[in-house]
């Protein structure tokens, strides 16, 4: 695409950059670098864009995960795939050992829902997975729907479900009869009587438990521990206890509906936090860790080898003897404290699988976890006197027919909004330049992924135009020099309102106001700007992979 190059001052043609506010925000990401306390708790809300109220103009392509490996309808995983580095529980439990042996007779990978149907069972000891807390299903697979866990039987759940349905129908009839009543009418006699009954029930409950009841509750706790719900009778009034039971059944029904729709699998959203190095991170999404780990709520992860453990004691013992201080593989880049390691998914399979499982806690659309052999992982770290700490990574197909230079990209939450994401993107394009190819991230992009890449593409184009002195500009030449796909260049120019079609020709408008603004920000950032130095790269494209 050969186009004319017009010099346009600020507001010369009356156009404004409708997307510049969102893009400007991203170019400042590296300015927020600062010291982080020794123990920091990070939540997703604290990492949202600081000016999220501004509207970000979306690309026409469907949203894509900022860091997801090849989302597709054919994605396959094996939730029951054994983790070689986590065989402590297998050695203790013969049942787990036997189930692990059975895996050798199965196909290497299954679809997610197939693995669920054949391998999942209720984790409550002694439960046969029959019945459901709602009384509407014949089987259950999670604690939320287990009658035994709630100290009930399947028949009792069905009776309670019938009673609830009867009350709901009566409430609907009552609501229908009062539908045309005035808004501020006084309570009816029926409502008044019901209120009085509730008040009496709450007053009539025992103020405390008897000695026999306390002994019964303690015996139940000693026999079952955390595998059963505590006995709740006489803890509160019958009315409040029934409200609580209704809420439990409704929550269980919602989870069951989401499971049937395939939106979640059993154990999803159960890992709420992870202890990772000196950070405690709140997770954002479900990751298919093994069920015995996922249901714990908190996971303890070694920040060097990425092994996951059940308790802080196990983690402390592991760290005392863990010899890893950096990712496996070859160090292909180092400048200052920043290093990048190239890890082969075939040679270091367990590490790469653990990395994908960890990344899924912060990614929405990522679907690939165990099939890591066709990928290379480029892991960025920041070094100090204790080792090389994981900053982020991106994965890349060894042989991509569409020349995708990134399949999955992630910056760890504690390093977000500090410019590391842009460094990862820049490093992926640096590899494409060395390979003498034009690269592009794998589609579709997520909302945050599109914002990050659009910010990077905008900076690349403005830098190119700042140094460009000719009168005619070629999209192809820009692509060859920057390794950015022409489609991405055109879409970015359109979002910046720098590409116009006039009298049968495409015109690239040189928005001098945008270029001056970018240059002033570059000057302010100075040497503190986190950038990739091509001279620090020691890498040759892999062959025969």
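Numbers here mean position along the shown chain, with the first residue as 1.
Yeah, the Cβs are placed from backbone N, Cα and C, and that goes for glycine too.
Per TrEMBL, active site, proton donor/acceptor is recorded for 442. Residues or ranges marked as compositional bias 'Low complexity' in TrEMBL: 43-54. Annotation source TrEMBL lists compositional bias 'Polar residues' at 66-84, 526-538. According to TrEMBL, the feature compositional bias 'Basic and acidic residues' maps to 85-105, 163-179, 193-203. Residues or ranges marked as domain 'MYST-type HAT' in TrEMBL: 266-541. The region 'Disordered' annotation in TrEMBL covers 1-108, 163-214, 520-545.
Over all protein chains present, the Cβ of residue 442 (active site, proton donor/acceptor) has 24 other Cβ atoms lying within 10 Å. Note: the region 'Disordered' (520-545) comprises 12 helix, 1 strand, 13 coil (DSSP; helix = H, G, I, strand = E, B).
If you average pLDDT over the domain 'MYST-type HAT' (266-541) in this model, you get 88. Long-range contacts of the compositional bias 'Basic and acidic residues' (163-179) within the same chain, counting only residues at least 6 positions beyond its ends with a Cβ under 8 Å from a Cβ of the stretch, are 188, 190, 246, 249. Using DSSP to sort the residues of the compositional bias 'Basic and acidic residues' (193-203) gives these counts of helix, strand and coil: 11 helix, 0 strand, 0 coil. Across the compositional bias 'Basic and acidic residues' (163-179), DSSP classifies residues as 15 helix, 0 strand, 2 coil.
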